[in-house]
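What follows is a single structure, written as structure tokens, with notes after it.
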Amino acid sequence: MKSFINVEDLGPLDKAMAEAFEIKNDRFKYQHLGKNKTLMMIFFNNSLRTRLSTQKAAMNLGMNVIVLDVNAGAWKLETERGVIMDGDKSEHLLEAIPVMGCYCDMIGVRSFAGLTDREYDYAETVLQQFIKYSGRPVFAMETATVHPLQAFADLITIEEHKVVERPKVVLTWAPHCRALPQAVPNSFAQWMNAAPDVDLVITHPEGYELDPKFVGNARVEYDQKKAFEGADFIYAKNWSNPGVTNPADYGKITCNDMSWTVDTEHMSWTNNGKFMHCLPVRRNLIVTDDVIESPNSLVIPEAANREISCSVVIKRMLENL
Ligand code: AN0
Ligand code: CP
């Protein structure tokens, strides 16, 4: 595997899932694969889970790890070509990327959407430059439009906790005080659509339609209560306006309806549904204390599975070096 962005990059999902459970049973089984190999993790944005779980996965596979926080100590990077660089940015990504590639065997990139230029974000401009100029396999650690390591971990978590063969999984928008990217819901929808045994329903206020390429065949239900009825899993997430219905709204907060916050009443509409969120989560905006602390909350097992999803991805890349 040379890059990891979309669910298709993993090949047959059943095989990837089997590999995930194999690694979960013995996370050091492939320890020999990464000997004398170096992973470089590059963060343009903050992280807790991705940083720790990716480093842990790489260590389980015997790799060395270098972490670079671009905004804390590196030269400020220009990302646009053609700019006269007389501002505060000392180095261009087009030199920085091949340089980074010299010091490692594999690269993980976190680079969030800017949320001002939809075309730029949805072209995955920064990630594509890493793929093109680093000479190394590259995986997304949440980029402008996708967060595949999270969605893979979520699928593993659903597989572990489902009590019916084909669970009803509901992706619900919830309110937030800051404009957040669409990467998590995009990838979640993409992965749930690819999973053969998931009945996916997406619910959000009108105007918050996700990009059709991620919605796929999922059912969209604007009535949150109807969507929740009979659900086995509730996956909550805020996202800013994707600009699908109205391009001028891209990246903006056009709804802050607090009736969408997931509380115990919302959960009572479900089929004893489990609560999921990728974290970090702002309590009592997205979800109430009671719901996130309830026995049906899976937020910690989900985070734990990030080590597993990442192990599968790094293993595949090591096997292909
Ligand atoms: C990020 C987001 O919504 O994409 C990261 C989630 C994993 N969240 C925040 O910036 C709070
Ligand atoms: N879920 C997730 O990716 O968390 P971090 O932003 O802390 O890495």
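A Cβ is built for glycine as well, from the same backbone N, Cα and C atoms used for every other residue.
As recorded in TrEMBL, the features of this protein are as follows:
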{"type": "BINDING", "residues": "SER47, LEU48, ARG49, THR50, TRP75, ARG110, HIS147, PRO148, LEU149, GLN150, CYS278, LEU279, ARG306", "note": "carbamoyl phosphate binding site"}
{"type": "BINDING", "residues": "GLU142, HIS176, LYS237, ARG282", "note": "N(2)-succinyl-L-ornithine binding site"}
{"type": "DOMAIN", "residues": "2-160", "note": "domain 'Aspartate/ornithine carbamoyltransferase carbamoyl-P binding'"}
{"type": "DOMAIN", "residues": "196-306", "note": "domain 'Aspartate/ornithine carbamoyltransferase Asp/Orn-binding'"}
Lowest local Cβ density (other Cβ within 10 Å) among binding-site residues: ARG49, HIS176, LYS237, ARG282, ARG306: ARG282
Distance, GLU142 (N(2)-succinyl-L-ornithine binding site) to ARG306 (carbamoyl phosphate binding site) (CA atoms, angstrom): 13
Residues satisfying Cβ distance under 8 Å from SER47 (carbamoyl phosphate binding site), sequence separation of at least 6: ARG110, MET141, GLU142
Residue among binding-site residues LEU149, CYS278 with least C-beta crowding, 10 angstrom cut-off: CYS278
Cβ-Cβ neighbours of HIS147 (carbamoyl phosphate binding site) (radius 10 Å): 26
For HIS147 (carbamoyl phosphate binding site), the one of HIS176, LYS237, ARG282 that lies nearest, given that the binding-site residues are compared by Cα: LYS237
Spatially closest candidate among HIS176, LYS237, ARG282, the listed binding-site residues, to LEU149 (carbamoyl phosphate binding site) (Cα to Cα): LYS237
Candidates near ligand 1 among the binding-site residues LEU149, CYS278, ARG282, judged by a Cβ under 6 angstroms: CYS278
Counts of helix, strand and coil residues, the domain 'Aspartate/ornithine carbamoyltransferase Asp/Orn-binding' (196-306), according to DSSP: 33 helix, 19 strand, 59 coil
Largest tally of Cβ atoms lying within 10 Å of a Cβ, found at which of the binding-site residues TRP75, GLU142: GLU142
Pairwise Cα distance maximum in Å, carbamoyl phosphate-binding residues per record: SER47, LEU48, ARG49, THR50, TRP75, ARG110, HIS147, PRO148, LEU149, GLN150, CYS278, LEU279, ARG306: 31
ARG49, TRP75, CYS278 filtered to the binding-site residues whose C-alpha is within 10 Å of HIS176 (N(2)-succinyl-L-ornithine binding site): none
